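Everything on this sheet refers to the single structure shown next.
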């Protein structure tokens, strides 16, 4: 495209990508085979592609900054964009299975970096299947926060194995979360909310965060307001069901 031609995918006023050109199905089947590159191990993740201001080459030196926040199924990146201003020195990444949505978030981040020099350098996105490849991206105890906002409810009982919160997947999340790390979940489907809370409550490596702590945590306020889904629920006067748990020491 010639430089003087307008890109219809970019808003003339905000210079940000337009969502309508990146629309996709609301959810994808996480058990289907998708084709995209996956790092062999966390040490093979090329941080320079995601955070060029922090990493000048693909060689990662032990002790350098590492990703601490992971937004699983990040959608259009609303939470990530909000978090990056609250935690400008913390590396964070969104993990999204849908290719068009991932591309939108990439373009959104690049546009924000261009419009705000020096900002939004700590946020990135990757197309991947987090239900399969979490250990390929993160080391043991690497993460301090994980987010699961308005995940696919998979209503049919035969499809409950596709849910992103389950007893066996919590084992993997507990592996990559450091002790004291927090897992945030929210949904507008009561049955799914009960399911996620039950799974977390029944896992010996997680304990519920107290109401006092939730009130003091600035991140909690973003769970229902920062994402497109959360805003839609709010506009429609819907109810949300939240479960926030802390990673604790291994079972004895």
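Glycine residues also receive a Cβ, built from the backbone N, Cα and C atoms like all the rest.
Nobody curates TrEMBL annotations by hand; they come from automatic prediction.
If you check TrEMBL, you get these features:
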- 73, 96, 97, 129, 130, 149, 227, 228, 229: S-adenosyl-L-methionine binding site (BINDING)
- 152: active site (ACT_SITE)
Distance, residue 152 (active site) to residue 73 (S-adenosyl-L-methionine binding site) (CA atoms, angstrom) = 9
Express in Å, rounded to the nearest integer, the largest CA to CA distance found among the S-adenosyl-L-methionine-binding residues 73, 96, 97, 129, 130, 149, 227, 228, 229 named in the record.
-> 21
What is the Cβ neighbour count of residue 152 (active site) at a 10 Å cut-off, with all protein chains included?
-> 18
Here the 10 Å Cβ neighbour count for residue 97 (S-adenosyl-L-methionine binding site) comes out at 22
Which chain-mates of residue 130 (S-adenosyl-L-methionine binding site) that are at least 6 residues away have a CB under 8 A from its CB, listed by sequence?
-> 70, 72, 73, 95, 97, 164
Cα-to-Cα gap, residue 227 (S-adenosyl-L-methionine binding site) vs residue 152 (active site), nearest whole Å | 14
Between the residue listed as 'active site' and residue 229 (S-adenosyl-L-methionine binding site): CA-CA distance (Å) = 11
